[in-house]
Amino acid sequence: MLKAGRIWALGAMSGTSLDGVDAAMVETDGEEIFAFGASDYRGYSEGEQAVLAGALGKWPGEDVAEAEAVVQMAHAELLSRFEGAQLVGFHGQTLAHEPRERGTYQIGDGAALSEALGVPVVWDFRSADVELGGEGAPLAPFFHFACAKWIGAERPLCFLNLGGVGNLTWVDPRKDRPEAEGALLAFDTGPANAPINDVMMRRRGLPYDKDGALARRGHVEDGALELFLDDAYFSRMPPKSLDRNEFSDMIGLVNELSDADAVATLTGMSAAAVLRGMEHCPEPPERLLVTGGGRHNPVLMEMLRVALDCPVEPVEAAGLDGDMLEAQAFAYLAVRVARGRPTSGPGTTGVRAAVCGGTISRPEGTD
Ligand SMILES: Nc1ncnc2c1ncn2[C@@H]1O[C@H](COP(=O)(O)OP(=O)(O)OP(=O)(O)O)[C@@H](O)[C@H]1O
Ligand SMILES: CC(=O)N[C@H]1[C@@H]2OC[C@@H](O2)[C@@H](O)[C@@H]1O[C@H](C)C(=O)O
């Protein structure tokens, strides 16, 4: 096990949007954040994205060799640009996630990456949680707890990640540790950018609705919104988590609408899913800090601001980096794993008791 004390760790995340890999350095002892360091990004080419998209929904035993090679190469290329990392946290790319049925599946080989970089790599963060009855996601909440301390929060607040899928973390910074009872409540709110991106690609051949420009020209169709909110997912008590494509049928609800109305309605659905999620907060948060690409969508942000009675701000308002928070989370979690500290608990994934997920691979010849 890694000796006590602070170290520099490098985390990498390849998210559900399939746009690329983020990587960032964090100095931490696995409890406290001491400093944030360099960060970088390596986008997937269109060809690589097509390979990854073609592998979504596949499980171990199916042929994912090409997708695995893309993920491996992109990470090796990106992470070798960094210097000074004593440990790497490698999330990999989620292909499928059905925690209650078939499990959770991230591709990427941490042992091979460790050999390539010459640094210990923590990977396979989600399986242990699922094996112990948890959702295996979201995992960023233990890091959000450390972020709440880092920004000096004294009252409960929320972090909202608007990626392909949305996830919400309610944090009580008055608690000492993330695993303390009542310190965290976290879950996936519903689809966020994934359906917007899918419709933009299908109808306009564009990867996303830049700055909400198309949604701004449309209006939200209430009937479709109501049908969407009828989904049993929204009345399920958290913790709960989603696969990227679990809501792909929702696109059918906007089939008959114009492009602008369809995208406005999907944007409204993402916001409404967050509002439904906020009802689960044990105490009203003093602010909602938004991370992930969706914070750049002013239409989505405005919908949240109008509907919520707390300030809704990008995480940058608190001095954090919304493009890198997930990569930083896996740097932080890697150090927790190396120290044998829990990375999820009943409040974040519904796992029976706090669990330390992740496998550590060391380069051959090191201990
Ligand atoms: N300027 C913008 N206007 C509108 N939407 C944007 C803008 N910038 C980014 N986005 C949205 O954010 C998405 C990328 O978000 P992000 O990088 O957080 O996703 P991810 O990390 O892959 O997802 P996840 O957190 O689900 O794993 C883009 O695909 C797009 O939909
Ligand atoms: C199974 C999986 O990869 N889930 C991702 C995805 O992207 C957002 C949301 O769905 C969240 O549950 C999770 O990622 C973040 C980093 C997490 O685990 O906190």
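Cβ atoms here come from the backbone N, Cα and C positions, even for glycine.
Counting every protein chain shown, the Cβ of SER17 (ATP binding site) has 21 other Cβ atoms within 10 Å. Among the features that TrEMBL reports, ATP binding site is placed at GLY15, THR16, SER17, LEU18, ASP19, GLY20, VAL21, ASP22.
Considering only the binding-site residues ASP19, ASP22, the Cβ with the fewest other Cβ atoms within 10 Å is that of ASP19.
Summary: among the binding-site residues (LEU18, VAL21), the fewest other C-beta atoms within 10 A of the C-beta are counted at LEU18. Ligand 1 lies within reach of none of the binding-site residues GLY20, VAL21, ASP22, judged by a C-beta closer than 6 angstroms to any of its atoms. In the three-state DSSP assignment, the secondary structure recorded for ASP22 (ATP binding site) is strand. Taking a Cβ cut-off of under 6 Å from any atom of ligand 2, the binding-site residues THR16, SER17, GLY20, VAL21 reduce to THR16. SER17 (ATP binding site) falls outside any helix or strand according to DSSP and counts as coil.
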